[in-house]
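Undergrad: Not my notes, these are from Swiss-Prot:
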| type | residues | note |
| --- | --- | --- |
| BINDING | Gly170, Asp171, Arg172, Gln173, Thr174, Gly175, Lys176, Thr177 | ATP binding site |
| SITE | Ser363 | site 'Required for activity' |
Amino acid sequence: MVNIRPDEISSIIRKQIEQYNQEVKIVNIGTVLQVGDGIARIYGLDKVMAGELVEFEDGTVGIALNLESDNVGAVLMGDGLTIQEGSSVKATGKIAQIPVSDAYLGRVVNALAQPIDGKGQIPASEFRLIESPAPGIISRRSVYEPMQTGLIAIDSMIPIGRGQRELIIGDRQTGKTAVAIDTILNQKGQNVVCVYVAIGQKASSVAQVVNTFEDRGALEYTIVVAETANSPATLQYLAPYTGAALAEYFMYRKQHTLIIYDDLSKQAQAYRQMSLLLRRPPGREAYPGDVFYLHSRLLERAAKLSSNLGEGSMTALPIVETQAGDVSAYIPTNVISITDGQIFLSADLFNAGIRPAINVGISVSRVGSAAQIKAMKQVAGKLKLELAQFAELEAFAQFASDLDKATQNQLARGQRLRELLKQSQSAPLSVEEQIATIYTGVNGYLDVLETGQVKKFLIQLREYLVTNKPQFAEIIRSTKVFTEQAENLLKEAITEHIELFLFQEEK
């Protein structure tokens, strides 16, 4: 038997006492009273904060939204099918945050920034809160750089600047998503990070958009955040904020970002569902009272940062769907009042074959020509005026039988200008191509052509300029001004090509 000395025993006991750590861990715990429809009512959780994450026994996470006198109403970020009445819930002490990094470019993620494209985990460099405060007044500067969409109708008459919020609004199936996707495709080589947020859409539609990005090489600078129609309402409500947090990560690193929310009507519906199930009082159209704040705090995060913060920017293009062209409904009026202008897409124009179906009369950009290069200002000034006069004349001409020659000429010019604004989907044009196209139309060079020949002629003219007058594009790109030399080159190209075109058409 081993002899143990008494002093050894006392030293062992002393060591054990020294190592004893009297740390009391307080865990805030509650009990599920009721669960269903993506909502849980919890008893207890006395110290929980509004918006705090809570964790259920099965690992499902929820957000505590309603703090009432006798219970807590939490929304579930998952289906929560295995949560039972009486199971325990613990408060985590955290609020919703997501991992962010450059590695997110080219990936498809959900509202919790977890990959859903089957390409493996995404390494994160830091975390950002999903709900971050928007930059203050001192942190911003006014919008002055153009964000080219590649669509003539927008870049010439409803220009968008970097840091602006421009609403795309219209009925279903009028090409709202197409305008947004063309804008993303046009950012290729512009050093702009794009974020496309799909809220409550069909999974097939999202897959189609991702395929378009892949085919056109746009996915390398784009992040897709998708919560489809079968996702829980909580995740559909969070998806836009997740997209904004990802875009902010790049904005604060001195980069330019573009974010598309497709669409905010579905987010408002998801929020309405959550609010009604939480028994919050309904307001107009059964939306809760804070639905304005839902969108304003999201869209205020788009900004052009001041030079002290590195001049990064976040341009937001929210999409809102109207019912039968009713712009005076609750959500459309709210978002119109928050944004810096709107692009209105009309079902009638779309069905008449005018695509993109932009109603230039009621579409506006509240930033205006500050978001255009000088060359575009020089040629596009007349375009909007001529189109407005044409629309007025066209309405009048329906009732008048004999029109004088000047009116007939103006109507003919207007028809050709309208033809000039038509563009195929996924075919954005560079600024110099747009300038050449607009100049040709406004200065009457298209008047000698039939309306049906305009599109073909303009496509050939743009090709002719690239091959025979490459200096034109170089001047516009380098000086950003429509100089006399550029105008002369363009005039030469137009006159040379019109002769050639008419000769070929006669054959």
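Here the Cβ of each residue, glycine as well, is placed from N, Cα and C on the backbone.
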Undergrad: Which entry in the list of binding-site residues, Gly170, Gly175, has its Cβ near the fewest other Cβ atoms, using 10 Å as the limit?
TA: Gly175
Undergrad: Look at the recorded positions Gln173, Thr174, Thr177, Ser363 and tell me which residue has the greatest number of other C-beta atoms within 10 angstroms of its C-beta.
TA: Thr174
Undergrad: Report, as a single number, how many Cβ atoms besides its own are within 10 Å of the Cβ of Arg172 (ATP binding site).
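TA: Other Cβ atoms found within 10 Å: 11.
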Undergrad: Give me the Cα-Cα distance between Gly170 (ATP binding site) and Ser363 (site 'Required for activity'), rounded to a whole Å.
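TA: Gly170 (ATP binding site) and Ser363 (site 'Required for activity') have their Cα atoms 11 Å apart.
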Undergrad: What residues, ordered by sequence, lie under 8 A Cβ-to-Cβ from Asp171 (ATP binding site) and sit at least six positions away in the same chain?
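TA: Listed in sequence order: Glu321, Thr322, Gln323, Ala324, Gly325, Leu345, Ala347.
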Undergrad: Quick one: which residues besides Gly170, Asp171, Arg172, Gln173, Thr174, Gly175, Lys176, Thr177 have a Cβ within 8 Å of the ATP site's Cβ centroid, in sequence order?
TA: Glu321, Leu345, Ala347, Phe350, Ala357
Undergrad: Using DSSP and collapsing to three states, where does Gly170 (ATP binding site) fall: helix, strand or coil?
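TA: For Gly170 (ATP binding site) - judged by DSSP and reduced to three states - the answer is strand.
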Undergrad: About how far apart, in whole Å, are the alpha carbons (Cα) of Lys176 (ATP binding site) and Ser363 (site 'Required for activity')?
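TA: Counting only the Cα atoms, the answer is 13 Å.
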